Amino acid sequence: MFSIQQPLLVFSDLDGTLLDSHSYDWQPAAPWLSRLREANVPVILCSSKTSAEMLYLQKTLGLQGLPLIAENGAVIQLAEQWQDIDGFPRIISGISHGEISQVLNTLREKEHFKFTTFDDVDDATIAEWTGLSRSQAALTQLHEASVTLIWRDSDERMAQFTARLNELGLQFMQGARFWHVLDASAGKDQAANWIIATYQQLSGKRPTTLGLGDGPNDAPLLEVMDYAVIVKGLNREGVHLHDEDPARVWRTQREGPEGWREGLDHFFSAR
């Protein structure tokens, strides 16, 4: 097993995992965040959110300066002390937000798929959709390598849309509330593996990894973790992993930050 004293990295999704899906509250997780910070265990946020959103949340959570994974792995924000790494401060995978937007606009115009992207509306509308303040909602529009959208067509059309995106080298990914389009080469798992390898190179030892998530788009991340917490979520599909050995994977009874705390309690407090 593992302990909080050994080289360890914690990777965590945000909405529905570390943050409450509705209120964005994270206080139930605060004691564990403090304990991990005191033990110098990096908590690496991993989300579909933009890096601008996540840097704001990172500071709120007391995790500033650490690396993070934004836009479902298409963007890696490097740790403050990694300034000598090529690409600092951010590494972007695949094609840009602007290029993806052009593809989507073409598909919508020529093939009449029905969806609304965050680029189609203003920050006031996004604030209504999400419950965020307008200033925070504005940060959700600062995509660098993905597009977030609401699907407004049938399941059959979604299958056709997904196939067209795949033909064009893109992927269509479901998040907690919205859908995301990004380069097919990007992913939370690839981004996490890159960060793990970087820590290993800097320390000379591979860290043990623990990941926490609640939605289908967290599955690739949790697959590459040594240990995983599947936080009870709202998504009807849930999270399914290839290896669900109970010694490696814990499914929580609670949702959001309560479940996050439960997962940490399970893997650490009993050891």
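Each residue, glycine too, has its Cβ placed from N, Cα and C.
With Asp13, Asp15 listed by Swiss-Prot as binding Mg(2+), the candidate from Asp214, Asp226, Asp243 annotated for that site turns out to be Asp214. Asp13 (active site, nucleophile) falls within neither a helix nor a strand when secondary structure is assigned with DSSP, and so counts as coil.
Mapped onto three states, the DSSP output places Asp214 (Mg(2+) binding site) in coil. Rounded to a whole number, the C-alpha distance linking Asp13 (active site, nucleophile) with Asp214 (Mg(2+) binding site) is 8 angstrom.
With a cut-off of 8 Å between CB atoms and residues at least 6 apart in sequence, the same chain places Ser21, Tyr24, Ser47, Lys49, Gly175, Ala176, Arg177 near Asp15 (Mg(2+) binding site), listed in sequence order.
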